[in-house]
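Asker: Pasting a structure here, questions to come.
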Amino acid sequence: MTVAVVPFVAAAFLLAGSVAARRAPDPRAARAAAAGCVTVTALGVAATMAVTRWTGWPDGHQVGLLAPGSGWWMPFVTCLAGLGATALAPITPPLTAATHGDARAVASHDQATFARIMLVLACGAAATAVADPVAAVISWALSACVVWREMRERAPGRGPTRLFALHHFVGVGACAAGLLLADGLGGTAAALLLVAGVGVRQCLLPLHLWFEPFARTAPAGLVVAFAAGPAGVLLLPEVGRAVPDRGWVVAAAAMTALLGAGLGLVARDVRSALAQVGLVLSGIVSCGVLIGSEPARSGAVLAWQVGAVAAGGATMIAAATEARRGPMLLTGPGGCFARTPRLAVAFLLFGLTSIGFPATLGFIWEDLLLDGVGGWSLPVTGALVLAIAGAGATVMKWYFAGYTGRRDHVGEQDLTPRESNAVTVLLAALILGELAPALLLP
């Protein structure tokens with residue numbers, strides 16, 4: 001069993017940020033504390049990665065600084081996603097709540113929410129601290145408990161809260177039983193339990209019903225932090241080992257991606273649409289990891305990395321837009337590009353990068369993954385191509401409907417300096433990754 005030190009240290013810093021955010025006097029101070037802590041943690045992880053890669057120190061087998069393989073980048077990617085989840089998180093002003101009747105749909109973040117975002121990020125950062133799938137299950141279980149607590153306090157007894165709790169309670173239990181009781185249950189029963197558990201975390205058909213209500217009702221920062229957790233990616237190889245004939249699982253993942261693409265095209269609000277884009281990415285990542293060929297696996301890991309940052313960025317930009325003008329619905333044209341150009345371009349760049357648009361970092365994972373999947377099954381490849389195209393159409397539809405639809409202006413401002421700095425950092429990271437993609441591959 002290999003132990004990595006940096007994920008533990010990163011999780012400790014993020015836990016300290018959670019305490020600081022909870023003790024902050026107001027939501028604005030909590031946001032500053034959370035974003036500052038995430039930034040410091042990301043810089044520390046990046047510096048350690050640079051030292052380790054270029055010096056090769058230390059080179060231990062039992063204890064190291066970072067996890068090998070696909071786990072190498074996971075703490076840093078989690079911190080980058082956390083930067084978007086905290087620095088771009090909107091604090092809904094009273095004017096917004098008074099102006100728009102459906103104030104509940106405009107997500108707000110208070111001190112407790114920022115503290116829980118940091119807790120979820122800490123769970124994600126610590127998932128690779130121990131090279132054992134049980135560590136990923138524990139990370140998933142703890143982060144799900146934090147999210148459920150937030151949802152229950154905001155809307156006790158509501159359907160999305162119960163649906164989230166039911167799915168993740170069953171999913172964590174099934175996954176833990178499949179891993180820990182494989183000898184006592186038998187190979188087939190343990191494999192089915194493991195598939196069911198990982199299917200919940202990866203939102204695979206028919207276990208995906210919790211994700212869209214969760215993404216639509218929970219605070220956007222918490223949605224991004226939880227979706228960026230690496231537990232599902234870490235557990236998917238266990239499914240591949242437990243199910244030798246995994247064609248039906250790959251088919252379910254491909255159908256999940258297709259379903260997400262179709263539902264995204266007909267979604268009536270932006271948060272539901274972006275949730276379906278996340279469903280597409282989850283199905284694509286699952287296909288690549290389960291197929292197991294080197295190009296497909298590398299493309300899937302890169303797709304997760306890009307999706308955690310870029311799709312999370314698009315979600316947070318949409319949340320910031322909603323905090324300015326109210327819920328983004330398909331009730332008519334909205335947004336004025338001439339008055340909010342940076343807001344619009346940020347949404348477009350994040351969205352297109354997440355789904356693999358050419359000339360972006362996402363196009364690299366798309367090329368690798370489709371090449372690997374094509375050697376395994378042409379029908380699955382065709383399904384993934386259609387899913388990617390549908391997700392791209394969803395992003396473009398909401399760009400035009402939400403940011404270029406009107407000549408007049410309802411008063412929303414463009415990106416603030418704080419938001420501009422966060423967007424610049426995230427886009428710079430995606431561009432640097434595009435210049436040297438080989439460094440990102442496991």
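We count from 1, first residue shown onward.
A Cβ is built for glycine as well, from the same backbone N, Cα and C atoms used for every other residue.
Positions annotated as signal peptide by TrEMBL: 1-21. Annotation comment: TrEMBL describes 30-51, 72-93, 113-142, 163-182, 188-211, 218-236, 248-266, 273-291, 303-323, 343-364, 376-400, 421-441 as transmembrane segment. If you look up TrEMBL, you'll see 185-384 marked as domain 'NADH:quinone oxidoreductase/Mrp antiporter transmembrane'.
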Asker: By Cβ distance under 8 Å, which residues at least 6 away from the ends of the transmembrane segment (248-266) in the same chain are close to it?
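Answerer: Contacts with the transmembrane segment (248-266): 195, 199, 202-205, 208, 212, 239, 272-273, 276-280, 282-284, 286-287, 290-291, 376-377, 380, 383-384, 386-391, 393-394, 397.
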Asker: Top stretch among 30-51, 113-142, 163-182, 421-441 for CB pairs under 8 A with the transmembrane segment (72-93)?
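Answerer: Per the Cβ under 8 Å count, 30-51.
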Asker: Same chain, outside the signal peptide (1-21) by at least 6, Cβ under 8 Å from its Cβ: which residues?
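Answerer: Non-local partners: 30-31, 33-34, 36-38, 40-41, 44-45, 48, 61-68, 71, 74-75, 79, 82, 111, 114-119, 121-123, 125-132.
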Asker: Taking residues 6+ outside the transmembrane segment (163-182), which of them lie with a CB under 8 Å of any CB in it?
Answerer: 133-134, 137, 140-141, 144, 147-148, 151, 190-201, 207, 209-210, 213-214, 235, 238, 242
